[in-house]
Amino acid sequence: MGYNQAVSLKIGVQIVEIIEKAPAKINLGLDVVGKRADGYHELEMVMTSVDLADHLTFTPLPQPQIQLESNLAFLPTDRKNHVYQAAELLMKKAGITTGVHIYIDKHIPVAAGLAGGSSDCAAALRGLNRLWQLGYSNEELAALGAEIGSDVPYCLYGNTAFVTGRGETVTPLPAFGPCWIILVKPRMGVSTGSVFKELNLATIPHPPVRDLERAVIAQDYAAILAAMGNSLEAVTIPRHPIIQKIKDRMMRYGADAALMSGSGPTVFALCKQHSRAQRVYNGLKGFCDEVHLVPALMTRD
Ligand code: C5P
């Protein structure tokens, strides 16, 4: 399935089940430009989707109730889950008087810097928009999603994009790839809020994200590698030195680049050649429990 492709099962005109794919993202670049009056940070990011995804299945319920279920026992199934918040927001806005059962089949590591929760939330907005035949545009869903989490608007567009503001301004870019991506998630989770809190704006590095944007538009792989960077490494790496060890190991095994995604702790490596990617994957497999080798997700629909 491509980025936004979904499956609907209909009996007559009645939709009885919808399945949505919710892919993970990585940040090829992330610069924290400043602090805003609302307490959030002004960001400039280049994001791209990878072919590691959760799947959400939506089944209508006759009673006005939101039921969440997941293959992961520790995932919250109440209002703490952004999927629940998405369903509640749409029900309220559209005056829905029935309910929904949502099953989240989780594969994206949690609290990892891969926007798994935000992508699930975006998939819920997309899926319920179709299930309840609400007719909201992607832009309207993105505006609703921004109320729930900063990465949700990007996740509604997916693919490769230049993202600014606190995450609400999304400008689509040409697809990044073809390329292989190795994702390595160390054991701990990282809270995004705590990383931004600890950030010292006077000392953080500022990767050349505008150059990165130009390199993605020009589809110049060498220039993309040269311009990659993430301001948030300055906080998360000193806290969790294993992140630097993973980066070093990836480069030793032949990665074209290695960088922390979002606020971490997941580190990703890029490899143009599959044989190199396989070597990096094998070299990291015994080092951390969660290691994935996936292609960049290049489809735009
Ligand atoms: O929007 P979201 O709930 O995903 O963000 C988590 C936390 O990260 C926020 O509470 C905020 O402290 C911080 N954040 C920020 N600037 C952003 C995005 C997130 O300071 N642009």
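Quick reminder: no glycine exception, Cβ is built from N, Cα and C everywhere.
In TrEMBL, annotation is done automatically, which means it is predicted and not curated.
Positions annotated as active site by TrEMBL: Lys25, Asp151. Among the features that TrEMBL reports, domain 'GHMP kinase N-terminal' is placed at 81-158. Per TrEMBL, ATP binding site is recorded for Pro109, Val110, Ala111, Ala112, Gly113, Leu114, Ala115, Gly116, Gly117, Ser118, Ser119. The annotation domain 'GHMP kinase C-terminal' is assigned in TrEMBL to 214-287.
The binding-site residues Pro109, Gly113, Gly117 differ in how many other CB atoms lie within 10 Å of their CB, and the one with the most is Gly113. Packing around Lys25 (active site) is summarised by its Cβ count: 29 other Cβ atoms lie within 10 angstroms of its Cβ, all protein chains included. Summarising model confidence by region, the domain 'GHMP kinase N-terminal' (81-158) averages a pLDDT of 97. Using the Cβ center of Pro109, Val110, Ala111, Ala112, Gly113, Leu114, Ala115, Gly116, Gly117, Ser118, Ser119 for ATP, the list of other same-chain residues with Cβ within 8 Å runs, in sequence order, Ala24, Ile108, Gly262.
Note on Ser119 (ATP binding site): other Cβ atoms within 10 Å of its Cβ, all shown chains, come to 28. Secondary structure from DSSP puts Lys25 (active site) in a beta strand. A simple Cβ count within 10 Å picks out one of the binding-site residues Ala111, Ala115 as the most packed, and that one is Ala115. Sequence-distant neighbours of Asp151 (active site) (same chain, 6+ apart, CB under 8 A from its CB) are Lys25, Ala115, Ser118, Ser119, Gly167, Gly262. DSSP states for the domain 'GHMP kinase N-terminal' (81-158), grouped as helix (H, G, I), strand (E, B) and coil, give 44 helix, 7 strand, 27 coil.
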